[in-house]
Amino acid sequence: MTNVAIPGSFDPITQGHLNIIQRCANLFDQVHVLVMTNTSKKSLFTLDERVDLVAGEVAPLKNVMVHGFADQLTVDALQQLDIQLMVRGIRSASDAEFERQIAGLNHQLDPQIETLFMPAEPEFSVIASSMVKEIVRFGGDASGMLSSRVLQAVRAKYAQK
């Protein structure tokens, strides 16, 4: 059985994230979405909220499981789940270079960990969670970038502020 992990902060989960998850669900026996803490970013949603949003989006995919991991390295989460393979979505050449460096560091920390890069579909290559949050925050139309459920959650968060 081939298990794969897709780590990310998913703050919030976008249509681009969901596309990568769906494609992996078609390729692998089990897909584990790891909702992680990114200490270099200020999150809009709590870890539990992000886990709930991701779980709601992937519910129709029966071979996809969602896990939340607070304040730990991705390799440690992979070791806890006994998974050696992760997939990272790549939107651009700059993403590829950054992800290649992270993959190298992860491999140094645990030589059993391998990273596969999956290019974003063209229509999702410009979608980034940080940009989508700004679009919603200032009243723009992000309906093609987020599901209606996630869009509603982002709007509700900004209405609280």
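All residue numbers here begin at 1 and follow the chain in the order shown.
Backbone N, Cα and C define each Cβ position, glycine as well.
The ATP binding site annotation in TrEMBL covers SER9, PHE10, HIS17, GLY89, ILE90, ARG91, GLU99, PHE124, SER125, VAL126, ILE127, ALA128, SER129, SER130. Among the features that TrEMBL reports, substrate binding site is placed at SER9, LYS41, THR74, ARG88. Positions annotated as domain 'Cytidyltransferase-like' by TrEMBL: 6-134. Residues or ranges marked as site 'Transition state stabilizer' by TrEMBL: HIS17.
Listed binding-site residues: HIS17, LYS41, ARG88; maximum Cβ neighbour count within 10 Å falls on HIS17. Taking a C-beta cut-off of under 8 angstroms and a sequence separation of 6 or more, ILE90 (ATP binding site) has the following same-chain neighbours: ALA96, GLU99, PHE117, MET118, PRO119, ALA120. Taking the Cα atom of each, SER129 (ATP binding site) and LYS41 (substrate binding site) are about 11 angstrom apart.
Applying an 8 A CB threshold to same-chain residues 6+ apart, the list for ILE127 (ATP binding site) reads THR14, GLN15, GLY16, ARG91, ALA120, MET145. Note on proximity: of the binding-site residues LYS41, THR74, ARG88, the one nearest HIS17 (ATP binding site) is ARG88, by Cα distance. Around THR74 (substrate binding site), the C-beta neighbours below 8 angstroms that are at least 6 residues distant in the chain are ALA5, PRO7, LEU34, MET36, MET86, ASN106.
Close to SER125 (ATP binding site) in the fold, though at least 6 residues off in sequence, lie GLY16, ARG91, SER92, each with a CB less than 8 Å from its CB. Each residue in the domain 'Cytidyltransferase-like' (6-134) gets a DSSP state, and the totals come to 59 helix, 28 strand, 42 coil.
The two recorded residues, SER9 (ATP binding site) and LYS41 (substrate binding site), have Cα atoms 9 Å apart.
Within 10 Å of the Cβ of SER9 (ATP binding site) there are 21 other Cβ atoms, across all protein chains. Here substrate is bound by SER9, LYS41, THR74, ARG88 per the record. The longest Cα to Cα distance in that group is 18 Å.
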